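Colleague: Just lifted these from TrEMBL, have a look:
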DOMAIN    30-168  domain 'Anaphase-promoting complex subunit 5 N-terminal'
DOMAIN    254-353  domain 'Anaphase-promoting complex subunit 5'
REGION    172-194  region 'Disordered'
Amino acid sequence: MASVHESLYFNPMMTNGVVHANVFGIKDWVTPYKIAVLVLLNEMGHRAEGAVSLMERRRLNQLLLPLLQGPDITLSKLYKLIEDSCPQLANSVEIRIKLMAEGELKDMEQFFDDLTDSFSGTEPVVHKTSVVGLFLRHMILAYSKLSFSQVFKLYTALQQYFQNREKKMAEDAEMEAAGREEEESRMEKEELDVSVREEEVSCSGPLSQKQAEFFLSQQASLLKNDETKALTPASLQKELNNLLKFNPDFAEAHYLSYLNNLRVQDVFSSTHSLLHYFDRLILTGAESKSNGEEGYGRSLRYAALNLAALHCRFGHYQQAELALQEAIRIAQESNDHVCLQHCLSWLYVLGQKRADSHVLLEHSVKKAVHFGLPYLASLGIQSLVQQRAFAGKTANKLMDALKDSDLLHWKHSLSELIDISIAQKTAIWRLYGRSTMALQQAQMLLSMNSLESVNAGVQQNNTESFAVALCHLAELHAEQLWMLCDQKIQFDKAMNDGKYHLADSLVTGITALNSIEGVYRKAVVLQAQNQMSEAHKLLQKLLSYCERLKNTEMVISVLLSVAELYWHSSSPTIALPVLLQALALAKEYRLQYLASETVLNLAFAQLILGIPEQALTLLHMAIEPILADGAILDKGRAMFLVAKCQVASAASYEPVKKVEALESAVENLNEAKNYFAKVDCKERIRDVVYFQARLYHTLGRTQERNRCAMLFRQLHQELPSHGVPLINHL
């Protein structure tokens, strides 16, 4: 079982997956990209009611928030996003930006003057307090504060922004005209060039406050919930370094850098970023502003606590204990009970192997409940349950304790701890050997996670509890697979030895693991015990069920068993349509081996009907894939059937030719006996030596006949007789 205290890292940036960042000193300003977004908003506002369809307007509304909050992107990418939502509007935006960029400075001035009209009138196009209204007001205010030289630089940047897009389109046109080799080389070059241009556009200056907050919120949420969708460690660190280049005191960027370095297990860089975070937090006075004079001490004690957690994660237990002692000392001086409870939990983590660790844990749970800290109380309860499970306590008491912690989770909406609790239950049921209950709990956790989406459409599917559930499921399925294979092997061995009572006892175990396979095996046992009517009823029910499920492979196997029932009941003519149906299905679904086995059964039916020559012709079609890819038992059955057909066909031959046919049949019987001996199938060996004894008697080979007769007698005394005529047994 994994430790349930992995979630005890103090994360000052996140509350329910949302980052609360304060970007000090960074204000909104106008960029060429934001001018393009303003053009989009202006065009949307002046469109007639029916000019844009309801579906297009919905897509545009969904697009707006990422455009307003996200970082600057290239004009080509912006056009592509708008075109995917509303092609008609994309064309209008492109024309407006082209006229502005290829016109004069006064065109941009006029555009910003016209933006204020959006708020005028009794029914304005945009409300001042809406998200779009606030963005427009910020941009108008930022533009009005620019000096003339700054306005000129902005216009020059807008022209460059537009020209970069034109240049890219020209390069694309050249690439289409070039040859394939030149096209591939240009493509590689273009990808490099575009990435550089995008970096120049989006990172030429610091992000605005809203952009920085959105970036940090998005990446922190992805790191917490679905790390695979976050930026790669190198890319994220590059963006964070760019943020810190323009604002070194941006504390939350240091904390995200700390989380990013934890991903790659970089102990030096993560420690460096964590210390920088708390240093900046103290230097900027952010904690003092929100917590008065207490803010400075709070930062110090939580810095020590996080440092202890970091060292513990990397296995530096001595350094972790020293940092934890420092955090306890400062927390006691400040009378900070919340921090002390976190410290107490980490004390238990560091001292889990001590004999009295359960005393510390019980005290931690009581204190957490007393101070109203449900998160810590629940983690403590689950750690106690884990500890007592290893101590051999009864499962019902452990489940009662987990039920109490679940009440805390649902009461306080602690979704992450709900997942941990279910993963804990899965592990406990596995520990106590209740695989069915463990499977149920694991499936419940996966179903809950698949339904609970978080910000940006991310699924919480990379948490520790999710990984634990997947591991348990993998082991449970592997165990069941192994158990099923083991039961089937034992069943086949018992049937080969003629021990039908033993095979019947194994059916229950097979049914528990695979109900369809269990019912089929039960019918096979009933058939072997000459209980034909019961076997037939069971096979008919199974056939109907498998046809509804479209389990073609099992349908064919059942049809073959039904056909075998018919010829055991001396009704081979009724078996033929059943076998033809099975053959048609096998060929339709390209099941070559089942098709070959069906042909084998058809040949046996023809042998029973007295047409061995046609049976031999069919066997020549089916025997090659069976000998090449078939099971050893099936190879023996095929060779035995060939020998039977040869003997039956030889009845009408001339004496010399008849002897040759019987000699060939004897050789095939020897080969069949060798195959049956490999799988220790004594029942079929008995049938073969009986047939060989009869052939040797016909050929006048007394010594070989006596040897086979003696062997038959030994096997017949050892094995029970199934009472079925030899000719009716394939």
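Residue numbers in this text run from 1 along the chain shown.
Glycine too: its Cβ is placed from the backbone N, Cα and C atoms.
Note that this is a predicted model, so its numbers are computed, not measured.
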Colleague: Please give the average pLDDT for the domain 'Anaphase-promoting complex subunit 5' (254-353) in this predicted model.
Modeller: 80
Colleague: What are the DSSP helix, strand and coil residue counts for the domain 'Anaphase-promoting complex subunit 5 N-terminal' (30-168)?
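Modeller: Residue counts in helix, strand and coil order: 107 helix, 0 strand, 32 coil.
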Colleague: Can you count helix, strand and coil residues in the domain 'Anaphase-promoting complex subunit 5' (254-353) using DSSP?
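Modeller: Final tally across the stretch: 86 helix, 0 strand, 14 coil.
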